[in-house]
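Asks: Got these off Swiss-Prot a minute ago, pasting:
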BINDING   Ser25, Thr43, Asp66  Mg(2+) binding site
CROSSLNK  Lys49  ubiquitin cross-link
CROSSLNK  Lys61  ubiquitin cross-link
LIPID     Cys204  S-geranylgeranyl cysteine
LIPID     Cys205  S-geranylgeranyl cysteine
MOD_RES   Ser2  N-acetylserine
MOD_RES   Ser194  phosphoserine
REGION    178-205  region 'Disordered'
MOTIF     34-48  motif 'Switch 1'
MOTIF     66-83  motif 'Switch 2'
Amino acid sequence: MSSMNPEYDYLFKLLLIGDSGVGKSCLLLRFADDTYTESYISTIGVDFKIRTIELDGKTIKLQIWDTAGQERFRTITSSYYRGAHGIIVVYDVTDQGSFNNVKQWLQEIDRYASENVNKLLVGNKCDLTTKKVVDYTTAKEFADSLGIPFLETSAKNATNVEQSFMTMAAEIKKRMGPGATAGGAEKSNVKIQSTPVKQSGGGCC
């Protein structure tokens, strides 16, 4: 085997975006490490994890970037939209405001990401059924009107977390077609480590 061949057939760069506290980091932890913590600390700037999956007999390396949802980091994260193959917009099903802000996040995607980037809408914390305020049908109809897939997830119970990332990978692979080369993602020398900062308030479910 030639040493030029990478260990994967595709490399997809994915972004997790959405308001602070909706559970983006918990979704990433569940998918990449299969762990969950009630008292997760706020992501500062950008952090990423890598997981390799198998899909239709192909090996796909997912580089998943977890971006801070705080307003003050909007300018930092704008550069991370570039080169992304897929973007997962996350809201909290117990927080109407986070769902209302999805439109704003979609505007960010239109402004900064490549035109044909794949999108996925995720309503997290679906295990909190008694606190749920965003109806599944409402969110599904909204996603359908935009032509993007929608799933409700629970990072706590691992509900649909795997499915969300696999759906995104399958959509990107379908769009790129059989002629796509391994890699695809832009090479970047920027390395930003997230620094733990204690966050007052509840966990991220």
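Just so it is clear, glycine is given a Cβ too, placed from its N, Cα and C backbone atoms.
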Asks: What is the interatomic distance between the Cα atoms of Ser25 (Mg(2+) binding site) and Lys49 (ubiquitin cross-link), given in whole Å?
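Replies: Rounded to the nearest whole number, the Cα-Cα distance is 10 Å.
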Asks: Restricting to the chain of Lys61 (ubiquitin cross-link) and a gap of 6 or more, list residues whose Cβ falls under 8 Å of its Cβ, or answer none.
Replies: Glu7, Tyr8, Tyr10, Leu11, Phe12, Ile50, Arg51, Thr52
Asks: Within 10 Å of the Cβ of Asp66 (Mg(2+) binding site), how many other Cβ atoms are there?
Replies: 23
Asks: Across all the protein chains here, work out how many other Cβ atoms are within 10 Å of the Cβ of Ser25 (Mg(2+) binding site).
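Replies: I count 24 other Cβ atoms within 10 Å of it.
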Asks: Looking only at C-alpha atoms, tell me how far Asp66 (Mg(2+) binding site) is from Lys49 (ubiquitin cross-link), rounded to the nearest Å.
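Replies: Checking the Cα atoms of Asp66 (Mg(2+) binding site) and Lys49 (ubiquitin cross-link) gives a distance of 8 Å.
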Asks: Test of understanding: give the count of other CB atoms lying within 10 angstroms of the CB of Lys49 (ubiquitin cross-link).
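Replies: Within a 10 Å radius of the Cβ of Lys49 (ubiquitin cross-link) lie 15 other Cβ atoms.
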